[in-house]
Amino acid sequence: MKALVFHSPEKATFEQRDVPTPRPGEALVHIAYNSICGSDLSLYRGVWHGFGYPVVPGHEWSGTVVEINGANGHDQSLVGKNVVGDLTCACGNCAACGRGTPVLCENLQELGFTKDGACAEYMTIPVDNLRPLPDALSLRSACQVEPLAVALNAVSIAGVAPGDRVAVMGAGGIGLMLMQVARHLGGEVTVVSEPVAERRAVAGQLGATELCSAEPGQLAELVARRPELTPDVVLEASGYPAALQEAIEVVRPGGRIGLIGYRVEETGPMSPQHIAVKALTLRGSLGPGGRFDDAVELLAKGDDIAVEPLLSHEFGLADYATALDLALSRTNGNVRSFFNLRD
């Protein structure tokens, strides 16, 4: 099979590999589509956490089950079905798993980071991680189920409620999902902050009231000039410390900040006294948080969540270098580079 493999920072190869054999309780999936996430780019650059080289990246995917190893009693009902699946492979036995937080598993394995992921024609995955797709949801659109689940989890943790004014910082693939989920839940996205003009334009098309660049102080200046834009909730998706500091400054007293993006290579000064003085609530979220079923259902409805503006540039897997370069440069209107593995 064809596979993209990351071997070391900024060293990737397009290889022929044997089709993997599913272990008991695992399925073999024929991958259809996989999109490139910001975390994949950090992994490529070697500035991520909890991973090991060499690894096949990819965790935003869709595909078709071709085989199930039923030695542990799993039935074969998913064979031939189109599916998506959770990257989180938890042990089920540690204290974190016992608390119902498998994403914090002490023995966590993640597809595309510590286990080979979906940038290959075939991938193995625990059967319990799979979610079948309804006929109404195409494989192309379904590769965005995982980022939608991430957004649903994050917006829920941040407590967005009907009537809330919401600011979103960062309008990449996750940021654009966050703003759509916030609107779906009845929030008003008053402002989106994003450095790339084409991504700002997409945010405007998807319903943001106002747009601003992400230069330091721009969002604070806009909110000071237009107090009606002051957010009840800020969803910070860029991962930059300066952005978090600005979120603390612009959110209303008693407001809430959801931390979704993070960059392990970035550090910066903070003024945390404002958290206490303004009585703010900060909540971090990590991964899809068990929201795959909700994401599949919402995306299949086809009315509240638009994925086509996110799927901006399609590539065959052999063109991985161009796909990665475009995603890293964020030029030519790139929101998401994605691979069609059946073309």
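Note that Cβ sites are derived from N, Cα and C of the backbone, with glycine treated the same way.
Other C-beta atoms found within 10 angstroms of the C-beta of Glu146 (Zn(2+) 1 binding site) number 27, with every protein chain shown included. DSSP gives Glu146 (Zn(2+) 1 binding site) a helix state. Taken from Swiss-Prot, the feature Zn(2+) 1 binding site applies to Cys37, His59, Glu146.
Its own atom aside, the Cβ of Cys105 (Zn(2+) 2 binding site) has 19 Cβ atoms within 10 angstroms in the protein chains shown. What Swiss-Prot records for Cys91, Cys94, Cys97, Cys105 is Zn(2+) 2 binding site.
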Key: Per DSSP, three-state class assigned to Cys105 (Zn(2+) 2 binding site)   = coil
Ask   = For the recorded Zn(2+) 1 site formed by Cys37, His59, Glu146, which further same-chain residues have Cβ atoms within 8 Å of the site's Cβ center?
value = Ser35, Ser39, Asp40, Gly58, Glu60, Trp61, Leu87, Gly112, Pro147, Val150
Message = With the cut-off set at 10 Å between Cβ atoms, which of these binding-site residues ends up with the most neighbours? Options: Cys91, Cys94.
response = Cys94
Remark   = Expressed in Å to no decimal places, the gap between the Cα atoms of Cys105 (Zn(2+) 2 binding site) and Cys37 (Zn(2+) 1 binding site) is 22
Inquiry  = By a 10 A CB contact count over all chains shown, which of the binding-site residues listed here is most packed: Cys37, Cys97?
reply    = Cys37
